[in-house]
Amino acid sequence: MRKIIHVDMDCFFAAVEMRDNPALRDIPIAIGGSRERRGVISTANYPARKFGVRSAMPTGMALKLCPHLTLLPGRFDAYKEASNHIREIFSRYTSRIEPLSLDEAYLDVTDSVHCHGSATLIAQEIRQTIFSELQLTASAGVTPVKFLAKIASDMNKPNGQFVITPAEVSAFLQTLPLAKIPGVGKVSAAKLEAMGLRTCGDVQKCDLVILLKRFGKFGRILWERSQGIDERDVNSERLRKSVGVERTMAEDIHHWSECEAIIERLYPELERRLAKVKPDLLIARQGVKLKFDDFQQTTQEHVWPRLNKADLIATARKTWDERRGGRGVRLVGLHVTLLDPQMERQLVLGL
């Protein structure tokens, strides 16, 4: 049985700012772009969250909810430095580390001899060490199943941890909402609910053939996750190459104005996801994807140095006009391709 830990730093960017400037500690603060530039919130501290300020929220909306919000532009070198220190702490316990972003990672401690091999104690010690050496708090999930570790790390935030033992997995899954499973969005959740499927326990009673017919290969993933099956390794060689976000509509759209409105809603989430792995927003390419009512899809992208909404909208409009051919559109997606480390190093040296 594996021992998987998911460590997630608490409001990481904001926490670094509060650590370095204690005057910010008890007031609402957020990291993000200015209202004038139509920016979005990258992260907010807990005092700001009490007012409803959330990640990926337009800055203008955040300031309406919390007029006295202190908005900071971000110090990404400081965040990267802290992230590297945290990664070094992880490496004291295991070499099997899969970073998901600057502020979260999976650790496989199955073979670790630290803390007498107790994953629970290892997670506690890692969190204590992070606080001792960086004055930052982290939350953790400890489970034998990879995807459950990420869910568990959110259960006792902030500055806590949640353990699901092998004996507890089955009972935990019985009542786990399907919307908690990675990949289950609002549209999929609505389709599942229409089938009477709301929890993993419900899916356990469902015929796999029905799920495959309705959802294709994702139906199998859904069935496996609901059984507590996740055989993916914690991949220490994992190098993220792209970041994307997409939306499948409940009904096909036929007008450009509808597509543009969807892009406006998707863009802040793309920006938030990119900021977690690439705070400076430097990229190699960006592009759009459209899937039509006949299930054919098209992607168009081009070289672009930094995430840019206006360019994405222009690319989408060109794709809409030239490739739709009167068909309805059932999915709209935005994505960026990240710079490979060698290319990024050359770019930095060139600057």
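Backbone N, Cα and C atoms are what each Cβ position is placed from, and that goes for glycine too.
Keep in mind that this is a model prediction, so the values were computed, not measured.
These come from Swiss-Prot:
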- 4-185: domain 'UmuC' (DOMAIN)
- Asp8, Asp103: Mg(2+) binding site (BINDING)
- Phe13: site 'Substrate discrimination' (SITE)
- Glu104: active site (ACT_SITE)
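In this view, the densest Cβ surroundings among the recorded positions Asp8, Asp103, Glu104 belong to Asp103, judged by other Cβ atoms lying within 10 Å. For the pair Asp103 (Mg(2+) binding site) and Phe13 (site 'Substrate discrimination'), the C-alpha distance works out to 9 angstrom. The separation of Glu104 (active site) from Asp8 (Mg(2+) binding site), Cα to Cα, is 4 Å. Per-residue pLDDT, averaged over the domain 'UmuC' (4-185), rounds to 94. Annotation note: Asp8 (Mg(2+) binding site) sits in a strand segment as assigned by DSSP. In the three-state DSSP scheme, the residue listed as 'active site' falls into the strand class. Counting only the Cα atoms, the space from Phe13 (site 'Substrate discrimination') to Glu104 (active site) is about 12 angstrom. Around the Cβ of Phe13 (site 'Substrate discrimination'), the number of neighbouring Cβ atoms within 10 Å comes to 29.
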